[in-house]
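Novice: Quick one: this structure, given as structure tokens, is what I'll be asking you about.
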Amino acid sequence: MKTYVSNEYDVIVVGAGHAGCEAALASARMGEKTLLLTISLDMVAFMPCNPSVGGPAKGTVVREIDALGGEMGKNIDKTYIQMRMLNTGKGPAVRALRAQADKWDYHEEMKRTIENTPNLTLRQAVVDDLIVEDGECRGVVTNTGARYRAKSVVLTTGTAARGRIFIGELNYSSGPNNTIPAIKLSESLERLGFKLRRFKTGTPPRVNRHTIDYSKTEEEPGDKEPRHFSFTSRDEDYLTDQTSCWMTYTNPKTHEIINENLDRSPMFSGDIVGVGPRYCPSIETKVVRFADKDRHQIFLEPEGRKTEEIYVGDFSTSMPEEVQLEMLHTVAGLEKVEMMRPGYAIEYDVVDPWQLTHTLETKRIKHLYTAGQMNGTSGYEEAAGQGLIAGINAALSAEGKPAFTLGRDEAYIGVLIDDLVTKGTEEPYRLLTSRAEYRLLLRHDNADLRLTEKGHDLGLIDDDRYAEFLAKKELIQEDLDRLGEITVHPTIAVNEYLAGLGQTDLNGGVKADVFLRRPRVTVEDVERLTGQKLAGDRYVKEQVEIDIKYAGYIKKQEIQVARLRRQEAKKIPKDIDYDQIEGLATEAREKLAKIRPETLAQAERISGVNPADLAILSVYVQNGKYAKVQK
């Protein structure tokens with residue numbers, strides 16, 4: 001096809017899913033002339049699977065995105081239909097906010113934000129090729145022949161990259177939700193020498209809400225207490241008219257139908273070769289893998305206020321359409337349900353993430369960044385977090401400024417990216433709280449304290465919001481100091497209160513911060529018992545209470561972080577030749593040469609690099625032997 005020269009930009013972002021939207025908005029807000037290209041303008045920030053945002057670890061990522069100046073938290077706070085805090089009976093490190101989204105409102109609101117953002121142009125196009133000159137990415141070529149040039153390019157192709165949908169024996173080339181797949185871009189990446197692999201994900205059927213017998217299901221209402229993802233959202237705007245979700249279960253009859261039709265499932269017939277997600281398996285995989293279980297939970301989740309579609313959560317399947325309906329009709333409450341869309345599996349290309357740096361720039365081609373599901377992750381939140389970092393770094397690169405990264409001790413986003421680039425992934429990667437060594441420091445409640453200053457330095461947090469943040473920090477310190485001054489006396493009221501908690505009496509006066517360390521004692525109780533009011537609002541008080549109650553554990557993790565930072569400060573030269581280092585185990589040598597860690601701390605986290613290998617490497621890097629092993 002004949003090509004033509006179109007416009008020139010500072011940054012081009014390919015794909016307008018959750019990663020692409022954050023990347024493009026970050027770049028434009030940092031002052032870069034940005035082009036956002038998407039296969040379909042009707043799919044901007046679309047939710048092809050679960051109509052929700054947040055959950056364990058993921059919810060904290062959304063708060064981190066917001067603290068850095070990203071959009072996902074604001075967007076869901078404008079478009080949710082239900083909000084719930086999960087794990088409220090557990091410690092603060094694992095509490096998680098989850099919102100049920102109106103997926104159509106979410107898409108429309110994000111598209112409106114993008115269209116109204118200065119420096120940002122949104123266009124519909126399929127990108128077929130990259131413009132690469134002297135090992136640097138300098139633009140893209142679309143299927144209509146347009147050549148757009150740029151200083152940096154961010155790819156966020158999601159599941160559209162050579163996507164193929166499977167429904168029983170039927171399979172066809174497609175992106176998510178029957179959109180156009182991106183075929184030639186994958187071929188372009190392979191020609192450039194990138195290693196691609198196939199992953200698989202899936203989605204459940206959607207059913208008509210009016211054909212469900214809700215009397216046979218369990219209601220899951222939203223929280224009455226105001227909750228928000230964005231630190232800028234106000235309690236007075238909290239939605240009181242929330243939409244419930246509903247829970248039901250599969251049963252032995254459901255499992256019998258699944259087992260009888262496994263030969264028709266592309267997951268088991270061999271038609272699907274892509275690796276599926278461990279933590280979000282299809283219902284047929286769950287039935288086979290957990291054959292001892294008589295039932296599995298199913299969540300019925302509304303997709304929005306203006307649609308009749310209900311998402312059948314935890315029921316992902318690629319069975320033939322008629323088998324899906326037969327399966328649904330065995331479930332309590334769904335005996336007469338009408339299916340509006342069948343579930344399907346989708347295979348797609350991913351870039352092996354060891355080919356990336358911590359900035360999400362590719363090692364092979366300079367000024368080319370990748371983010372989202374094409375890096376091997378699953379989930380909207382993981383994608384958005386990567387997109388934000390890739391967009392920030394694409395903008396910084398366009399300006400010739402130093403790159404921006406987040407450490408494992410600074411954010412779940414840092415954990416996610418570090419896991420990808422130092423360990424790679426053999427399956428769709430899902431962020432879990434257990435992946436974070438310092439999760440007590442990386443909480444839902446303190447994301448602003450960790451990251452707002454960084455967002456302000458990048459130009460993504462405006463001065464007004466930054467001033468509010470500084471005022472909050474001052475109030476936290478003021479209330480911490482105040483609790484160190486207030487005395488709680490052993491009054492009758494105090495000891496009756498303690499008896500009600502099953503605790504021993506107070507024999508003498510103690511400072512309020514010491515009293516607050518007792519289990520189940522709250523800041524509000526201290527205020528009531530002493531008659532002394534603190535200055536902060538409920539969010540400040542929450543922070544104060546956590547800081548005091550968990551001070552010892554937080555201190556331990558801060559000591560561990562100090563050790564990590566010492567190791568991170570020990571840089572490994574880029575041109576080191578691992579073949580010349582004597583004593584390294586073969587596996588360690590191969591892994592180090594493949595991943596090429598930037599610091600000793602990163603090398604330590606690579607699977608296959610043992611302590612002995614690390615000690616040898618450390619000697620070469622730190623003790624003057626490096627010159628002997630230069631390439």
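Backbone N, Cα and C atoms are what each Cβ position is placed from, and that goes for glycine too.
The following feature annotations were taken from Swiss-Prot:
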- G15, A16, G17, H18, A19, G20: FAD binding site (BINDING)
- 276-290: NAD(+) binding site (BINDING)
- 214-233: region 'Disordered' (REGION)
Novice: What residue among the binding-site residues G15, G276 has the most other CB atoms lying within 10 A of its CB?
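Specialist: Answer by Cβ density within 10 Å: G15.
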Novice: I need the neighbours of the FAD site defined by G15, A16, G17, H18, A19, G20. Which other residues of that chain put their C-beta within 8 angstroms of the C-beta centroid, in sequence order?
Specialist: V13, C21, E22, A23, T38, A45, T156, G158, A371, G372, A383, G387
Novice: Count the Cβ atoms, other than its own, that fall within 10 Å of the Cβ of A19 (FAD binding site), considering every protein chain shown.
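Specialist: Excluding its own Cβ, the number within 10 Å is 34.
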Novice: Give the residue counts of the region 'Disordered' (214-233) per reduced DSSP state, in the order helix, strand, coil.
Specialist: 3 helix, 3 strand, 14 coil
Novice: Can you grab the distance from G15 (FAD binding site) over to G276 (NAD(+) binding site)? Cα atoms, rounded to a whole Å.
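Specialist: Counting only the Cα atoms, the answer is 22 Å.
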Novice: Where does R278 (NAD(+) binding site) sit by DSSP, helix, strand or coil?
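Specialist: In the DSSP reduction, R278 (NAD(+) binding site) maps to coil.
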Novice: Which ones in the same chain are close to S282 (NAD(+) binding site), with CB under 8 Å and 6+ residues apart in sequence?
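Specialist: Non-local contacts for S282 (NAD(+) binding site): G202, M267, G276, S316, T317, S318, A345.
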Novice: Under DSSP, is V288 (NAD(+) binding site) part of a helix or a strand, or is it coil?
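Specialist: Going by the DSSP assignment, V288 (NAD(+) binding site) falls within a helical segment, counted as helix.
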Novice: Just counting, how many other CB atoms are there within 10 A of the CB of G20 (FAD binding site)?
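Specialist: Taking all protein chains shown, G20 (FAD binding site) has 30 Cβ neighbours within 10 Å.
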Novice: Using E284 (NAD(+) binding site) as the reference point, find which of the binding-site residues A16, H18, G20 has the shortest Cα-to-Cα distance to it.
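Specialist: Spatially nearest to E284 (NAD(+) binding site) by Cα position is H18.
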Novice: Calculate the distance in Å between the alpha carbons (Cα) of G17 (FAD binding site) and C280 (NAD(+) binding site), and round it to a whole number.
Specialist: 20
